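Everything on this sheet refers to the single structure shown next.
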Amino acid sequence: MAQPLREVLVWLNNKIKEINPESAWLEAELLVAFVLNKDRAFIYTIDFLTDEEVEKLKKLLDLRKKGIPLNYIIEKKQFYDIELFVERGVLIPRSETEILIEVAKDTILKEGYKKIVEIGVGSGNISITLAKEFKDIKIYACDISPEAIKVARFNAKKHKVSDKIEFFFGFLLYPMVHRNVDFELIISNPPYIASWEFPFLQKEVKKEPWKALYGGWDGCEFYRKLFTLLKKRGKNFTAILEISPYIYHKVLNILKNFFDSVIIESFRDYLGHERVIKVIWH
């Protein structure tokens, strides 16, 4: 027996409102599209769903009620102008990271950088976006998660930029240092959530990989370790790093304690919060 699409969407919308009131209708559309293996626009070309399709939707709704992020359920996430495959164990890209992309694009255009390192590649959203944007760059991307590297490789192949991105397993810059990889620009959206923030995180966020979120007791552990390594490197390179507004001033103080002479620029997100810093060693 078939069930009217409109009725199913309204039912899903009402249920999802209890979890995510701001985007309930959008989530309902995306879940239906996922079950049909079509895009959102397609669902409005049909009038009915089968009982089997509705049963699948009920199971997906149960997962949402348990706090499983929508993007893990439908296995995709739109970021910038690309669609990425995502799965459990890999950080879901956020819109805030698009600020980092804009800063990186502007920097690459102005400085003509060709050799770029990304620390913590995740789903590949940053490296792939930049690789699609610039024809003549080479990106060396690393992560401490084998799952993330697997997903990033898949997404790079999907977007036909595998030849521009080389993936490494490892922490910070060590995989590149051990291979004598030369680079001009470092990009990273590192873990920066402090211990005190964890109790206040949304249930969905807590389902994402802890290693991709936790930045130590004060959220600054990654930055300290990176700056310790960079202090040994010398000059003539740039780093573009995403930060939490809560640790902005702490990171600046850490930088000033580590380095006597660096140029620091900061960039705000769409809500006016400090979200990205650019550090130039010259």
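Backbone N, Cα and C define each Cβ position, glycine as well.
Since this is a predicted model, take the numbers as computed values, not measurements.
According to Swiss-Prot, the protein carries these features:
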type	residues	note
BINDING	GLY120, VAL121, GLY122, SER123, GLY124, ASP143, ASN189	S-adenosyl-L-methionine binding site
BINDING	ASN189, PRO190, PRO191, TYR192	substrate binding site
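Taking the Cα of GLY120 (S-adenosyl-L-methionine binding site) as the reference point, the closest of the binding-site residues PRO190, PRO191, TYR192 is PRO190. With a cut-off of 8 Å between CB atoms and residues at least 6 apart in sequence, the same chain places LEU84, ALA141, VAL151, ALA152, ARG153, ASN155, ALA156, ILE165 near GLY124 (S-adenosyl-L-methionine binding site), listed in sequence order. Overall, the recorded S-adenosyl-L-methionine-binding residues GLY120, VAL121, GLY122, SER123, GLY124, ASP143, ASN189 cover a maximum inter-Cα distance of 12 Å.
In this structure, the binding-site residues GLY122, PRO190 were compared by how many other Cβ atoms lie within 10 Å of their Cβ, and the smallest count belongs to PRO190. Under a cutoff of 8 A between CB atoms, and with a sequence separation of 6+ in the same chain, the neighbours of ASP143 (S-adenosyl-L-methionine binding site) are GLY120, VAL121, GLY122, ILE149, ALA152, PHE167, PHE169. The record gives ASN189, PRO190, PRO191, TYR192 for substrate. Within 8 Å of the mean position of their Cβ atoms, the other Cβ atoms in that chain belong to GLY120, SER188, ALA212, LEU213, GLY215, PHE222, LEU241, GLU242, ILE243.
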